[in-house]
Amino acid sequence: MSDELVGDVAAAPPPTPPRDEPSSEEQASSWLRRVATGGFGVTVLSFVLAFVIGAVLIAAVDEDVDDAASYFFSRPGDLFSAAWDAIWSAYSALFRGSVINFEAYTVADALKPLAGTMAQASPLIVAALAVAVAFRAGLFNIGAQGQVTVGATVAAYIGFTYHLPAVVHLPLALAGGIAAGAVWGGIAGLLKARTGAHEVIVTIMLNYVATYLLAWLLTTTAFQVPGSNEPKSPAVDDSAQLPPLFGDRYDVTWGFVVALLGAVVVWWLMSRSRLGFQLRAVGSNPRASRTAGISVPRMTTYVMLISGALAGLAGAVQLLGTSKALTDGVAGSIGFDAITVALLGRSRPLGIVFAGLLYGGLTRGGQFMEVATGTPIDIVLVLQALVVLFIAAPGLVRGVFRLPEPRLVEKSAA
């Protein structure tokens, strides 16, 4: 017996030496590698790459650069100088038109571009939250455009038809937009749940229905200014308008606060509530969710109701805060741009807020850039498209900057 015990002790492997704890420098280096190769790093590098390509396009369409290129071999420095001047003037104008105009005479005037960016971003953020909620539940709500349209339509009708105190009128108009968007999104959700109709096809068709419904309504006397045949509704009452956030000097209204509150509500819903857990579970694995007792059809209907309600709120914010009157182009491209913003924000509320501000800044700054420098605003559209392209293809960005895959970084850090 003693011999067996001696043999077991002799055969036991030697104890593993304690592993040295990484130093603070090693921990910082590992964190930087994870940030650079993860989602945040790829997003930042996507913008860098898009702006580099945009700089090339700006130089290519500039007349001074074209003139300098005609005698490049005699004085090559002129070409590079003209290209730098064109790029610098365009991007500085983009910044001055979207963030701070450092050429303004007063601080109040210098901050006007930032207020304009916030105003431009307000409906975008809310609509992007609508798209993101559907994304997280495994659905593609491409019908946010139609939901924004019907939300703006109902909010406008309540705003110019009824004459109520502001404490009642404004919440009622916002609630009308929310309800209209929820109904429009709920139609797609119900059809998906009951018949299996694909939500992309249904929501695209509903976009057309909403567009032509609005066009028809603007030809009726109920939605036209008395004595006018112009397809434009009366302006909503002052009591139904979103008041300015920082005074009449700035464009931004309390719609921006509504957008931030919407982001908080969506964060709580998707991260802290039971319903949000069920929606995410259905989006991750519908079959496993069904096995766990979650009703997939019910969750499909719920998520489209919620998504539509948020998109309808976006339409109400746009109408009551910016447009003030209903036209056939009141929704602009908010619903479609919201898809881009949701992708940029990776369907997370905080990311969507920053992505909406960035997208709104590019739009406002692009308008100023075109006026100040003559650079076509189409350059901004190209920048936005390139950013989405690179974010959708992170492998391409990692290949350009020679970044390792996140899995390799984690293994090396371990």
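Please read every residue number as a count from 1 along the shown chain.
Each Cβ is built from the backbone N, Cα and C atoms, and glycine gets one as well.
Note that the structure is predicted; figures quoted are calculated from it, not measured.
Per TrEMBL, these features apply:
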REGION    1-28  region 'Disordered'
TRANSMEM  40-61  transmembrane segment
TRANSMEM  121-139  transmembrane segment
TRANSMEM  146-164  transmembrane segment
TRANSMEM  170-191  transmembrane segment
TRANSMEM  200-218  transmembrane segment
TRANSMEM  252-270  transmembrane segment
TRANSMEM  299-320  transmembrane segment
TRANSMEM  379-401  transmembrane segment
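Same-chain residues lying 6 or more positions outside the transmembrane segment (252-270) and placing a CB less than 8 Å from one of its CB atoms are 115-116, 118-119, 121-123, 125-126, 129, 132-133, 136, 174, 241-246, 276, 279-280, 306, 310, 313, 317-318, 320-322, 349-350, 352-353, 356.
Counting Cβ pairs under 8 Å to the transmembrane segment (121-139), the stretch among 146-164, 170-191, 299-320, 379-401 with the most such contacts is 299-320. The transmembrane segment (200-218) makes no contact with the transmembrane segment (379-401): fewer than 3 of their CB pairs lie within 8 A, with pairs spaced 6 or more apart in sequence.
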